[in-house]
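Structure record follows, encoded as structure tokens.
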Amino acid sequence: MKLIVSVMPRSLEEAQALDDTRYLDADIIEWRADYLPKEAILQVAPAIFEKFAGRELVFTLRTRSEGGEIDLSPEEYIHLIKEVAQLYQPDYIDFEYYSYKDVFEEMLDFPNLVLSYHNFQETPENMMEILSELTILNPKLVKVAVMAHTEQDVLDLMNYTRGFKTLNPEQEYVTISMGKVGKVSRITADVTGSSWSFASLDEVSAPGQISLASMKKIREILDEA
């Protein structure tokens, strides 16, 4: 289980002021570029990629329809992703498949996609169909984050993930039940078949996130013989 921490600068000055040494315990850095105005993203990108040079990095534009901070037309979304991908070659590129399905074909040349689905309202009843459709597309990683309201919501997603991972052992997954009741899903990734778990440093990027320090301790305990 790799631990992912998001950086969410709201300006070039904030990006330049990031202390990269505080993120040494994170296995992967996620740059949530949606906290910037869309016209500032390409201006801030050099500072982010220089700051975290040599680290695994996920480039994410989380749009408002999936719980993020930015609204983008399909043309704007694809343009920004392609520009960052071609200029900086991030290790992973998050792509909101269900929000931008109509332009997905333009991303087929990119082998490092994280095909993602986020639902901040509920754990939908068609989770198996969602996981199946994303798996068939054979991305670098399938990511699903949904809001849990009951313990059963959490257990259902865990069972679906374990089942899909068993049937598709070469495919990487990260599935998250958001909210307080879903916190357990963040610490059982290895059991359910998730490759990543998201943790927070100063500011959470999703409901129910656990601090990086706590997640590191939990991982150490789980790794004990």
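Including glycine, each Cβ sits where the backbone N, Cα and C put it.
S6 (3-dehydroquinate binding site) is surrounded by 23 other CB atoms, counting those within 10 A of its CB over all protein chains shown. DSSP assigns S6 (3-dehydroquinate binding site) to a strand in the three-state reduction. The 3-dehydroquinate binding site annotation in Swiss-Prot covers S6, E30, W31, R32, R62, R186, S205, Q209.
Residues or ranges marked as active site, proton donor/acceptor in Swiss-Prot: H118. Classification of H118 (active site, proton donor/acceptor) by DSSP places it within a strand.
Under the DSSP three-state reduction, K143 (active site, schiff-base intermediate with substrate) is assigned to strand. Taken from Swiss-Prot, the feature active site, schiff-base intermediate with substrate applies to K143, supported by sequence analysis.
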Per DSSP, three-state class assigned to R186 (3-dehydroquinate binding site): helix
Spatial neighbours of E30 (3-dehydroquinate binding site) that are distant in sequence (at least 6 apart) but have CB under 8 A: I4, V5, S6, V7, L57, V58, T60, D94, F198, S205
Distance, H118 (active site, proton donor/acceptor) to R62 (3-dehydroquinate binding site) (CA atoms, angstrom): 9
